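Colleague: Let me give you the structure first, and then I'll get to my questions.
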Amino acid sequence: MQPNITGVILAGGRSSRMGGNDKGLIPLNGKPLFQYVIDRFKPQVSDLLINANRNQGLYKESGIPVIDDIITGFVGPLAGMHAGLSYASTEWVVFAPCDVPALPSDLVSQLWQGKKQALAAYANDDERAHPTFALMHISLKTQLADYLIRGDRKLMLFLDSINAQRVKFSGKADLFSNLNTPADCDLWEQKRRGQ
């Protein structure tokens, strides 16, 4: 049986490919990108947090608590994961980036089932790994902090070092598509209007 799990939306990046605009706040069909993630993610978790390092007031308007990085300096998604592990009120935390509006509706249940005895698991589709879609036990918080303090930043290397389980999401590559550029957003909006 799946326990209570805290979900954390990772919105703490610099959004350099979006011209510095906060990616999670980019409007898509009149709604901020991160709100699509909330809509898909919230039903899967018992509690939800947003990790953001700027524009926190705008994220708070969603009614979801906002947490910032404890280890500062825009050190990547691992800093947001560390913050999530630190602030979570549950033993397990699942992460998703703010720029994937169609994330799988079975993300959490599949990661939970696929983790087996591991303390962490991450998504993998038919083509590649998606390490920002990860489930972690809060006991990894200290190990993750040590990794970041050493100056390491590579998410996959950290997941490999803790023997995270790779969980296959066959036939779902399109659900992991992230919107990195304004052109990606335009294309996504066009597809949605065409449905």
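The backbone N, Cα and C atoms fix where each Cβ goes, glycine too.
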Colleague: Let me know which member of Asp39, Asp99 Swiss-Prot also records as binding GTP at the site of Leu10, Ala11, Gly12, Lys23, Asn51, Asp69.
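Modeller: The one candidate that Swiss-Prot places in that GTP site: Asp99.
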Colleague: CB neighbours of Gly12 (GTP binding site) within 10 A?
Modeller: 26
Colleague: I want to check the contact list for Leu10 (GTP binding site): same chain, sequence separation of six or more, C-beta distance under 8 angstroms. What comes out?
Modeller: Asn51, Pro77, Gly80, Met81, Phe95, Ala96, Pro97, Cys98, Thr132
Colleague: Test of understanding: give the count of other CB atoms lying within 10 angstroms of the CB of Asp99 (GTP binding site).
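Modeller: The Cβ of Asp99 (GTP binding site) has 27 Cβ neighbours within 10 Å.
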Colleague: Quick check: in three-state DSSP terms, what is Lys23 (GTP binding site)?
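Modeller: Assignment for Lys23 (GTP binding site) reads helix.
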